[in-house]
Amino acid sequence: NWSGSLIVASLTGAFGSSFLYGYNLSVVNAPAVYIKKFYNETWERRYGFSVDESTLTLLWSITVSIFAIGGLVGAVIVTPIVKFFGRKCTLLLNNVFAVTAALLMSLSLLAGSFEMLILGRIIMGIDAGISLSALPMYLSEISPKEIRGSLGQVTAIFICIGVFTGQVLGLPEIFGQESRWPYLFGAIIVPSLIQVVILPFLPESPRYLLLEKHNTSEAEKAFQRFLGKDDVSHEIEEVLAESRVQRNTKLVSILQLLRTRAVRWQVVTVVVTMGCYQLCGLNAIWYYTNNIFSEAGINHETIPYVTRSTGAVETLAAVFSGLVIERLGRRPLLIGGFGLMIVFFSVLTASLTLQENVYWLPYLSIFCILAIIASFCIGPGGIPFVLTGEFFQQSQRPAAFMIAGTVNWLSNFAVGLLFPFIQAGLQTYCFLVFAGICLAGAAYLFFVLPETKNKTFHEISQAFAKRNKVTLEMQEMNHYPGERKSSAEQESDFTSSVDNGETKKGIV
């Protein structure tokens, strides 16, 4: 099922999208000391006195968390963009934001303007907000259902690879020096250029071509490329089965989606999983790994190398999840991942609290951090993106990803901005807050989430029908409001409306 085009599309799409998201999560960690010094020197040169510690902490928190504000903007504007330009073209055009951000951030030291760095972080956030919605949408629509989960995990795997790459390039031997830290941000241009060169030669999403552009011939060619076979009549028919009941509806807005009773619990589940994805504490570890290891008593010279282990562990865990997701399913990996995080957050709290009394406890703290990261990447780190693509029909998917993206980025911003203050207030007990969030998420998923492994979009809707308190017929009417026709009438309409793969007037 893994054709060459499918592999290249997923790798290229992820390298220029989710890779950059992960990279920008970790890239600010290594040069933090030098960037703060740059802020202080710039402030002193402008105003004649050094910035006070509280203002510097606030500026740094804004630099870290403003990335999420840009991501929120990207998540909000992605729906009209993917509708008008398509999934693939959206990923391509999104590189304009990445290149602009890279130039601003890498030239900020030379220009003596920390505002350029902050502005670049906002623009880079917009890029991430668009890509984290457009990429999972693209991957879920080009893959056969048998490997939809594995292909969806490519997003999470490249997030982890991006985090690890940012950590490695931040080593003192590479760009982790006072004179070289701008190169860390200039490196963002490389993945963007690679995506711009390769992605144009790959097809657009066949579901987008068939259901939204009504271009049967191009959709058939796209299916043939991605599936690596000539006979794609079964796949075309599967998509047309959705099209027959969708033909009388337009793209669903967020308000319409929230009002649709047939997808009420799907929306709630996406909100919960995306909220827990950010609020479970992993971004706090990615943003402030050096501080956490320092509090654990690790030697300052050793910290940059110990930090690299977190990126390696999360990458291996994400790859493992991609290999087993189609065997174990989404539900066990999600619930099990959150469950393990609860255990290791609790142990981490105890070890940080008692480390002054027992000499070996700092090493237990390191182990717990690595175990938390592995537990996250096994399930919660990528499956929420997969579920958002699986829960909704074609007309609902852009609005669903906008809701998921909004929750994702608001939660990301909250963690990045508030964690330093939570850590200062609660000291070693701060991670119990994240353990509580993981517990709430695991409990919800245990009682609500059905298994979606190897199921069509229609079968997943059936699994939620009872909880949404609608019959299957009512669910289809809620999905696709408007005057209903019989299957025979719809098939006749469709056949008469398409000629040589081109759409005639009146098909909608």
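Using N, Cα and C of the backbone, Cβ positions are placed for all residues, glycine too.
Taken from TrEMBL, the feature domain 'Major facilitator superfamily (MFS) profile' applies to 10-453.
Under the heading region 'Disordered', TrEMBL lists 480-508.
The feature transmembrane segment is assigned by TrEMBL to 58-79 (among others). Long-range neighbours of the transmembrane segment (58-79) within the same chain, counting only residues 6 or more positions beyond its ends whose Cβ lies under 8 Å from a Cβ of the stretch, are 24-25, 28, 32, 35-36, 39, 51, 90, 97, 114, 117-118, 121-134, 251, 254, 287, 398-399, 401-402, 404-406, 408-410, 412-413, 416-417, 420.
Residues of the same chain lying 6 or more positions beyond the ends of the transmembrane segment (91-112) and with a Cβ under 8 Å from any Cβ of it are 13, 16-17, 20, 38, 42, 45, 74, 81, 85, 119-121, 123-124, 126-127, 130-131, 134-135, 138, 181-183, 185-189, 191-193, 195-196, 199-200. Residues annotated as transmembrane segment in TrEMBL: 91-112 (among others).
The transmembrane segment annotation in TrEMBL covers 118-139 (among others).
Taken from TrEMBL, the feature transmembrane segment applies to 151-169 (among others).
Feature annotation from TrEMBL assigns transmembrane segment to 181-202 (among others).
TrEMBL lists 267-289 (among others) with the feature transmembrane segment.
Residues 26, 146-147, 149-150, 153-154, 156-157, 159-161, 163-168, 285-286, 289, 333, 366, 369-370, 373-379, 381-383, 386, 453-454 of the same chain, all 6+ positions outside the transmembrane segment (309-326), place their C-beta atoms under 8 angstroms from a C-beta of that stretch. Taken from TrEMBL, the feature transmembrane segment applies to 309-326 (among others).
According to TrEMBL, the transmembrane segment annotation covers 333-354 (among others). Within its own chain, the transmembrane segment (333-354) is flanked in space by residues 273, 276, 280-281, 295-296, 321, 324-325, 361-362, 364-365, 368-369, 371-372, 375-381, 383, 428-429, 431-432, 434-435, 438-439, 441-442, 445-446, 449, which lie at least six positions past its ends and keep a Cβ under 8 Å from the stretch.
Under the heading transmembrane segment, TrEMBL lists 360-387 (among others). Here the transmembrane segment (360-387) has long-range neighbours at 132, 136, 140, 148-149, 152-153, 155-157, 159-160, 269-270, 273-274, 276-277, 280-282, 285, 289, 292-293, 296-298, 306, 309-310, 313-318, 320-322, 325, 330, 332-338, 340-341, 344-345, 347-348, 351-352, 354, 404, 441, 452, meaning same-chain residues at least 6 beyond its ends whose C-beta is under 8 angstroms from one of its own.
What TrEMBL lists as transmembrane segment is 399-420 (among others).
Feature annotation from TrEMBL assigns transmembrane segment to 426-449 (among others). Among residues of the same chain six or more beyond the transmembrane segment (426-449), those with a C-beta under 8 A of the stretch's C-beta atoms are 265, 268-269, 272-273, 275-276, 279-281, 284, 295, 330-331, 334-335, 338-339, 341-342, 345-346, 348-349, 352-353, 380, 419, 467.
Put simply, of 118-139, 181-202, 399-420, the stretch with the most CB pairs closer than 8 A to the transmembrane segment (151-169) is 118-139.
Nonlocal intrachain contacts for the transmembrane segment (399-420), taken as residues 6+ away from its ends with a CB within less than 8 angstroms of a stretch CB, comprise 57, 61-62, 64-65, 67-69, 71-72, 74-76, 78-79, 125, 129, 132-133, 136-137, 251-254, 256-258, 266-267, 270-271, 274-275, 277-279, 281, 283-284, 287-288, 384-385, 388-389, 391-392, 430. If you average pLDDT over the domain 'Major facilitator superfamily (MFS) profile' (10-453) in this model, you get 86.
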